[in-house]
Amino acid sequence: MDKFLITGGVKLEGEVRISGAKNAALPLLAAMILADSPITLNNVPNLKDVNTLVKLIAGLGITMDYEGETVKADTSTLSNQFAPYELVKTMRASILVLGPLLARYGNAQVSLPGGCAIGSRPVDQHLKALEALGAHIEVENGYVHATVDGRLKGADITFDMVTVGGTENILMAAVLAEGTTTIRNAAREPEITDLAQMLIEMGAKIEGLDTDTLVVTGVESLHGCEYSVVADRIETGSYLAAAAITGGRVKTTHTDPSLLESVLDKFEEMGAEVTRGEDWIELDMMGKRPKAVSFRTLPHPEFPTDMQAQLMAVNVIGRGFATISETIFENRFMHVPELSRMGANIQVEGNDAIVTGVEKLQAAPVMATDLRASFSLVLAALVAEGDTLIDRIYHIDRGYENIEAKLQSLGAKIKRVS
């Protein structure tokens with residue numbers, strides 16, 4: 001199993017190109033199922049989760065051509081509506097094929113998903129909403145069997161809790177439903193807006209983008225289009241955090257500063273100089289040790305839970321102390337024991353972590369537990385004294401494209417070992 005060997009103590013400097021967002025690419029790939037003519041998706045990141053979903057969609061009989069950063073799909077060859085456990089088990093996002101398959105073909109059989117071990121993340125919100133649209137759903141032997149007679153019917157749906165995947169699944173189902181569907185308490189993440197914009201390019205009628213109420217007027221069919229995946233705001237924030245923790249200066253390009261304001265505000269509070277351009281962000285820590293800053297994770301546009309672990313890592317070597325409150329996912333402090341092994345001073349009390357900054361971290365063998373937590377260990381290793389070995393880095397490969405090449409280009413001493 002691959003590991004990262006990182007030698008700390010290098011101030012990162014340079015420029016890094018940001019990839020397309022994994023969290024946008026996955027629903028956009030699922031939405032290709034809805035197109036009745038060829039469709040092209042550009043700026044697709046080369047990641048394990050993306051490859052898995054492309055494989056899953058190809059397994060439905062759809063012709064998939066994946067080359068470089070471009071995926072082309074032709075749904076005219078579809079032969080079945082079955083998403084098997086072997087592919088679904090590694091990734092939660094595979095449940096996103098449920099809505100499009102059901103809406104377009106009236107039938108879907110999808111295994112219950114796997115993916116990161118963060119909290120319960122139940123799919124019951126997806127299923128309840130699909131039933132409201134007229135679907136008949138049975139869950140047996142670990143599979144969701146969904147059918148509908150004729151077309152799905154528009155409905156007024158209110159999610160019990162904010163669910164990104166649920167919003168995406170129902171949005172994709174509603175675009176081909178008969179009549180109007182109103183989705184209330186919808187998630188407002190930029191990746192959902194990206195999905196809605198591609199669906200509109202395909203001929204869908206959607207109002208209320210960037211709000212918590214989406215109104216969808218169903219159409220009979222959607223056509224293909226050419227579309228580009230939005231920049232990855234979490235990858236952007238992660239590389240800026242690498243500059244902050246090492247006292248360096250990093251410019252991220254091919255990104256969108258407007259999607260990351262809550263995080264950039266925190267970097268500025270830490271003492272960094274942040275410069276924004278139209279499609280770039282530069283963070284200069286000017287060799288200083290960052291100031292520890294408190295924050296609370298909340299749904300977009302507030303501070304994203306997917307940046308919690310990275311900002312905690314920066315706080316670990318910060319001046320002073322900070323309280324970090326995680327309100328989105330339970331069980332999302334799994335990186336704390338690993339950071340503590342490197343000398344971090346962190347106390348966890350329920351959904352709060354109290355971080356008292358230390359001047360130095362020591363290298364230690366550590367283990368990645370989930371996607372974002374694993375990047376926090378990379379950040380800590382970049383400033384630790386000595387050589388840190390990070391195990392289970394397959395978690396990192398699920399969400400960061402060419403991570404070692406990108407970090408090496410900034411001066412980091414990182415290599416992949418087995």
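We number each residue from 1, going along the chain as drawn.
Each residue, glycine too, has its Cβ placed from N, Cα and C.
From a predicted model like this one, the values you see are computed outputs, not experimental measurements.
Noted in Swiss-Prot for the protein shown:
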type: ACT_SITE; residues: Cys116; note: active site, proton donor
type: BINDING; residues: Lys22, Asn23; note: phosphoenolpyruvate binding site
type: BINDING; residues: Arg92, Arg121, Pro122, Val123, Asp124, Gln125, Asp306, Ile328; note: UDP-N-acetyl-alpha-D-glucosamine binding site
type: MOD_RES; residues: Cys116; note: 2-(S-cysteinyl)pyruvic acid O-phosphothioketal
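Comparing local CB density within 10 A for the binding-site residues Lys22, Arg92, the maximum falls on Lys22.
The least crowded of the binding-site residues Asp124, Asp306, judged by other CB atoms within 10 A of its own CB, is Asp124.
In this structure the alpha carbons, written CA, of Lys22 (phosphoenolpyruvate binding site) and Asp124 (UDP-N-acetyl-alpha-D-glucosamine binding site) are 23 Å apart. Long-range Cβ neighbours of Ile328 (UDP-N-acetyl-alpha-D-glucosamine binding site) (same chain, at least 6 residues apart, Cβ-Cβ under 8 Å): Thr297, Leu298, Pro299, Thr305. Cβ neighbour density within 10 Å is lowest for Gln125 among the binding-site residues Asn23, Gln125. Ranking the binding-site residues Pro122, Val123 by C-beta neighbours within 10 Å puts Val123 at the top. DSSP gives Asp306 (UDP-N-acetyl-alpha-D-glucosamine binding site) a helix state.
A gap of 20 Å separates the Cα atoms of Asn23 (phosphoenolpyruvate binding site) and Asp124 (UDP-N-acetyl-alpha-D-glucosamine binding site).
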